[in-house]
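Q: Below are the features listed in TrEMBL for this protein:
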- B:174-356: domain 'FAD-binding PCMH-type' (DOMAIN)
- B:206-212, B:288-291, B:340-346: FAD binding site (BINDING)
- B:Arg391: site 'Important for enzyme activity' (SITE)
- B:Arg487: substrate binding site (BINDING)
- B:Tyr550: active site, proton donor/acceptor (ACT_SITE)
Amino acid sequence: MASKAVYLHRDPMLKKRDDFEDILEERRRSSDLRYALRCYTPLLYKGLTPFRADELKTMVLQSDQLQYVINQVSKQTSVTADEVEAEAAAILEEMAHHLQISTIRFFAFVLSKVFKTLFRSVCVNEEGVQRLQQAIQEHPVVLLPSHRSYMDFLLMSYILYTYDLPLPVIAAGMDFMGMKIVGEMLRMSGAFFIRRSFGGDKLYWAVFSEYVRVMVKIGFAPVEFFLEGTRSRTAKSLTPKLGLLNIVMEPFLKGELFDVSLVPVSISYERVLEEVLYARELLGVPKPKESTSGLFKARKVLSEDYGSIHVYFGQPVSVRSLAEGRVNRSQFNLMPRHIPRKPGEEVQSFVNDSAYRLVRAQEENMVLKPWVLLAVLLLQDQAAGDGRGTSLDELTERAVWLRDLCRQFGAFLHWPDHMIPSQVVSSSLSLHRGLVRISEGRVQLALDQAGAEARRPLGAATPEEELLNRAVIVLSCASYRNQALHVFIRPALLASAIQTASSNQKQDVYNSFSFLRNMFSNEFILSPGAAVQDFEEACYLLVKSGALQINQQEVLVTETGQKTLTFLTSSLDPFLQGYQMVCRFLCEEASEGLTEKRFVPAIRKFIVQHLLTGRLRHAEVLSSDLQKNALAALLRLGAVRKLRGRGEEQLEVNKVMVNSLEDTLGGNLPTQKAVVARL
Amino acid sequence: MASNSSDRQRVAQHRLRIITGHLQRPADGDADIQAAECKAQETKPNVASSEGRTMPRRRQEIMKWNGWGYSDSKFLYNKKGQAEFTGKRYKLSGLIIPALKDWMEGTFGASLQHKTPATPILNTSAVQPPTLNEAFVDEIKSTGIPFSHDPEDRVFRAHGHCLHEIFALREGKIGRVPDMVIWPSCHNDVVKIVELACKHNVCLIPFGGGTSVSSALECPPEETRTIVSLDTSQMNRILWIDEKNLTAHVEAGIIGQDLERLLNESGYCTGHEPDSMEFSSLGGWVATRASGMKKNIYGNIEDLVVHVKMVTPRGVIEKGCQGPRMSTGPDIHHFIMGSEGTLGVVTEVTMKIRPIPEYQKYGSVVFPNFEQGVACLREVARQRCAPASIRLMDNEQFQFGHALKPQVSSIFTSFLDGLKKFYITKFKGFDSNRLCVATLLFEGDREKVLQHEKQVYDIAAKFGGLAAGEDNGQRGYMLTFVIAYLRDLGMDYYVIGESFETSVPWDRVLDICRNVKARIVRECKDKGVQFPPLSTCRVTQTYDAGACVYFYFAFNYRGLSDPVHVYEQVEHAAREEILANGGSLSHHHGVGKLRKEWMRETVSDVGLGMIKSVKDYVDPNNIFGNRNLL
Ligand SMILES: Cc1cc2nc3c(=O)[nH]c(=O)nc-3n(C[C@H](O)[C@H](O)[C@H](O)COP(=O)(O)OP(=O)(O)OC[C@H]3O[C@@H](n4cnc5c(N)ncnc54)[C@H](O)[C@@H]3O)c2cc1C
């Protein structure tokens with residue numbers, strides 16, 4: 001069942017994708033002012049009854065759902081219903097957007113200028129835009145862009161304005177509200193603000209969910225939010241958050257709408273504005289609070305070349321077809337629909353699977369630039385190498401090999417075939433000259449010049465500081481490599497499984513695969529419960545590329561396949577080693593009273609030691625993202641537990657289990673069976 | 001006995017005119033089809049009627065074999081290409097309907113050039129020869145109860161009026177049909193027949209009016225025993241009327257129009273008026289839990305029935321008294337009602353009757369949109385002031401109603417004409433592509449009707465409703481009787497369609513209407529239907545806790561190789577959509593074989609088990625083997 005939803009067995013090479021148009025081209029030719037003031041008459045949802053933003057608020061406050069919760073809260077807290085309603089109104093006030101076309105016009109003007117300075121092009125698949133336009137008229141639409149940059153949602157609104165589509169209302173994190181003017185500007189351009197956490201606040205949840213639901217139900221405007229919940233600092237897709245998806249699907253599931261269209265949108269940046277910021281953040285340099293002045297300091301950013309952006313509007317996904325045969329909608333028949341109810345298991349797993357499917361759809365339509373492939377190779381060389389770098393010729397040759405492999409795996413690779421490969425390589429490198437160093441025809445990561453500017457003017461940096469500076473470069477580079485990981489992840493898991501499995505029996509390989517997949521399912525987008533499909537997909541790809549032969553019983557590596565497998569296992573290497581490090585830390589160093597909050601600084605110290613002593617080569621392991629994912633996996637598997645004590649929750653480590661997981665990750669076989677059994 | 005008071009006679013005459021207003025002439029009664037005195041009848045029936053019954057044993061004398069209703073009444077396009085309704089029975093009979101052609105062309109993309117005529121006559125050689133249980137036949141012969149194995153008789157009783165049934169007949173395709181037809185004329189005849197059927201293990205299928213729309217009458221193709229269709233049409237007498245308790249005891253084969261006409265002669269009525277009342281029978285209503293248009297005053301069949309007699313393989317089931325309500329364990333009437341011919345034959349029913357209402361008034365209200373209309377009906381139900389009938393049609397049906405307006409006839413003048421059209425569409429800002437209309441029927445004494453009418457119009461006004469005249473309302477109700485004929489015309493021109501219904505809580509009415517209509521459109525598209533379908537609905541009954549919703553669905557099937565299959569897939573999907581949106585499996589059409597796949601989820605495993613164990617006890621050898629419900 002899930003297999004149908006997640007993976008269709010068809011040749012990825014045949015995946016048809018639309019062509020792109022550069023929307024900046026027109027901007028470079030005609031007046032931005034006229035563009036910002038032009039007549040804007042989008043085609044709207046056919047079932048729309050027009051409402052003003054304030055009418056919308058009244059509708060929300062008056063809705064059966066919200067009234068029900070207001071009365072409930074009032075009874076439970078013995079505060080009068082009127083007061084609770086006033087509180088609800090205040091929440092709504094804080095939350096609600098104030099979409100105004102004038103603000104959009106302002107942004108249209110400013111962004112035109114900004115985009116033209118920053119980017120070479122902003123490319124959009126116009127067929128996707130047309131599909132979207134169609135979808136908007138048919139059913140309420142939910143836009144689901146990938147999230148890599150602050151830029152994302154302004155960019156989305158800008159594009160929709162450009163194509164005369166209705167402007168979206170956007171669920172944004174509260175952190176923007178810190179920036180007074182900008183916050184209000186964003187509100188007027190359609191953003192509505194949600195607190196980052198509102199735990200058990202029933203009223204808040206009720207207001208928020210009803211607000212979104214009403215907008216979906218009446219088709220007020222396309223609702224936009226980020227499935228990943230926050231910007232991915234690593235350029236890997238994040239495990240989807242389900243709250244909002246649940247809310248926007250509900251009107252369909254409860255029969256209040258015939259259908260809802262979900263439109264995954266993939267936004268790929270050739271260079272992310274936040275590149276270095278992210279790396280610092282992952283290394284524990286605290287994230288600058290998003291203040292207005294901070295944003296304006298970013299003016300320096302304006303002087304750089306960020307290449308191009310590709311925005312791909314995916315195929316609209318009908319919630320109705322997703323739910324077909326998955327959700328029995330009559331489960332809502334026996335209770336009034338306005339009484340809030342936790343979604344049942346069936347609905348939860350449906351929403352979860354859908355979310356994964358949508359994130360995968362985002363991944364599939366992410367444009368990969370040749371540089372991404374170079375980043376893959378340079379990082380591998382750096383970890384393995386002698387510090388001498390790779391010769392340009394060799395790099396080019398391997399890049400071409402990798403290009404072909406990628407294509408076989410169905411990647412959406414923008415490799416300019418009209419250019420000779422060496423040219424492609426050198427022009428890619430030049431856009432990222434902050435990250436690479438080329439000397440005497442050899443290329444490597446620019447580790448030694450790293451932090452040159454940050455280095456204290458007086459006195460040498462400590463070894464640790466030097467290490468962190470190098471790690472900034474490594475992580476920045478990794479964020480490019482990560483863009484391509486979704487292409488390789490399943491074959492890479494299979495390659496590693498083959499390496500660690502006790503035999504080449506298909507069943508053994510599958511067991512190893514399934515173990516690794518389970519282990520890494522907080523790290524990569526791997527739909528829960530789809531182990532078999534993922535295995536089949538991986539087998540299919542590797543057989544097709546000639547690396548494997550698989551018969552009834554056995555999985556055999558072909559002569560030429562070894563190269564592919566080695567490549568694939570190395571790409572997983574930093575993660576394997578990282579997870580092992582986390583395990584080792586927990587076994588060796590975790591003391592009484594370790595909390596989740598103290599976990600990251602503590603393990604960072606541990607890893608720094610290992611890196612400095614040369615016992616660990618992958619500086620990437622310093623990424624707090626990886627560390628947290630590993631911990632989440634261990635928690636999920638029950639190897640670590642959270643203990644409720646006084647104050648913060650403490651982490652209780654099951655050392656036997658963690659130890660055996662570490663062994664198994666390291667390809668140490670004997671304990672594997674026991675662990676797999678326990679999983 | 002009918003009262004002699006001339007006053008009553010007058011009221012009765014008046015009522016006759018209104019209720020059976022679609023009949024211009026008294027039915028062609030003729031003496032020899034009248035029920036012969038049942039030999040077994042001990043007491044002489046005390047209600048004798050001078051008039052004959054509508055339904056002869058040989059239905060083919062007056063009815064179509066492959067379409068709806070009387071042979072003399074049908075829609076056709078005349079030589080000038082104008083639609084016309086033939087015959088003399090109905091108000092519409094003999095009239096030209098000028099707008100119908102445009103509507104059919106516009107709505108379905110149908111064209112007079114593309115005809116799909118039906119096989120004109122029944123080819124009896126296509127009918128399987130009967131497999132007869134000789135011993136059974138011999139014993140039946142000796143009882144003197146009339147029977148037949150004439151192919152025509154058998155084909156007539158092998159179907160109801162589902163689309164696939166009629167479509168097959170039009171194509172001259174005939175599947176499994178009963179091996180013989182038998183016409184008992186009283187309860188005791190039925191007792192004998194059932195005894196013999198049990199003795200010789202033949203399968204019995206009760207047949208009332210043949211208006212089933214649930215495949216209930218279809219013979220199970222896997223049935224190898226002799227199938228006997230037990231036609232109740234000759235059990236059609238009113239046995240007595242009890243004016244003190246206002247009840248009448250009636251044989252179950254009587255058809256609706258006869259029952260009303262005969263009661264009217266005595267100044268009474270049952271008030272039970274399903275749209276099929278011209279042909280459907282009392283026993284059929286009980287067996288399917290039927291619902292009449294005026295249930296708001298008179299109740300549905302379960303409210304009307306005081307006592308029922310049913311002959312089962314185990315013997316006769318009935319209650320021992322006529323108390324108006326009892327607390328005596330589960331009500332055994334509820335095993336009988338809705339049993340769909342699976343347990344036995346309903347032979348006699350004691351039914352509530354009412355004096356004919358003094359005054360009747362039609363009405364109609366136009367709403368700016370369907371949402372407002374539903375809100376109004378909901379309010380009317382909340383205040384429990386629903387008129388005898390209130391129906392809300394969506395915009396498509398409203399437009400359809402207009403297409404059926406005949407040329408020159410005062411009663412048919414439409415409110416959309418002239419000034420009024422201007423008033424509604426321009427002044428009030430009603431959008432003629434969104435507005436919808438409710439038709440109303442009030443009954444009672446004059447004073448109260450007028451008061452009631454005002455109350456309802458006042459509520460309507462709160463929802464933007466505008467009174468739109470009596471004529472419009474009356475026309476709406478009159479059309480319900482001729483609409484069934486229209487499907488045959490559609491089928492002459494590549495258009496197939498059907499209606500189906502559900503009941504649903506108030507808060508889901510709008511959702512279910514929208515979703516089911518949209519689902520139909522989507523499914524048609526997905527299934528390769530080349531033209532947009534007609535997908536429309538109306539709310540036909542109101543209850544305290546919900547409403548009955550009726551869907552009409554039709555499409556032009558040109559270009560499809562297996563239109564009936566496509567049709568069935570779409571209807572199936574529509575039913576799934578209904579269930580997913582909180583609608584019931586059926587409000588009144590019943591389950592039959594068409595909808596039985598959903599019984600389990602409808603009544604739960606245990607519920608199904610209960611029904612099954614009743615069946616196993618009452619009819620262990622599956623004599624009543626039509627295989628409905630379970
Ligand atoms: C145009 C049209 C309009 C309709 N409108 C309505 C409506 O408004 N309301 C409504 O409720 N229905 C309506 N129906 C459906 C149908 O008329 C009803 O189901 C009706 O009750 C069937 O009665 P019948 O006598 O025609 O039964 P049949 O069609 O002959 O039989 C129906 C089922 O009942 C069984 N049965 C019949 N008589 C007996 C008996 N005496 N004892 C035991 N079992 C028996 C049969 O075996 C069969 O299973 C309509 C149908 C059509 C075609």
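Backbone N, Cα and C atoms are what each Cβ position is placed from, and that goes for glycine too.
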Q: Closest of the recorded positions to B:Ala290 (FAD binding site), Cα to Cα, picking from B:Arg391, B:Arg487, B:Tyr550?
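A: Checking each of B:Arg391, B:Arg487, B:Tyr550 against B:Ala290 (FAD binding site), the shortest Cα distance is to B:Tyr550.
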Q: Report the nearest neighbour of the residue listed as 'substrate binding site' in space among the recorded positions B:Gly209, B:Gly341, B:Arg391, B:Tyr550, comparing Cα positions.
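A: Minimum Cα distance from the residue listed as 'substrate binding site' across B:Gly209, B:Gly341, B:Arg391, B:Tyr550 lands on B:Tyr550.
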Q: With every protein chain in view, what's the tally of Cβ atoms within 10 Å of the Cβ of the residue listed as 'substrate binding site', excluding that atom itself?
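A: The residue listed as 'substrate binding site' is surrounded by 22 other Cβ atoms within 10 Å.
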Q: When you measure from each Cβ to the nearest atom of ligand 1, which of the recorded positions B:Ala290, B:Gly341, B:Arg487, B:Tyr550 fall under 6 angstroms?
A: B:Ala290, B:Gly341
Q: Whole-number Å only: compute the distance from the Cα of B:Arg391 (site 'Important for enzyme activity') to the Cα of B:Tyr550 (active site, proton donor/acceptor).
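A: So the alpha carbons of B:Arg391 (site 'Important for enzyme activity') and B:Tyr550 (active site, proton donor/acceptor) sit roughly 10 Å from each other.
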Q: Going along the chain, which residues six or more apart from B:Tyr550 (active site, proton donor/acceptor) have their CB under 8 A from its CB?
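A: Correct list: B:Ser499, B:Phe500, B:Glu501, B:Cys537, B:Arg538, B:Val539, B:Thr540.
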Q: Give me the mean pLDDT over the domain 'FAD-binding PCMH-type' (B:174-356), rounded to a whole number.
A: 97
Q: Using all protein chains shown, find which of the binding-site residues B:Pro206, B:Gly209, B:Gly344 scores highest when you count other CB atoms within 10 A of its CB.
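A: Checking each of B:Pro206, B:Gly209, B:Gly344, the winner is B:Pro206.
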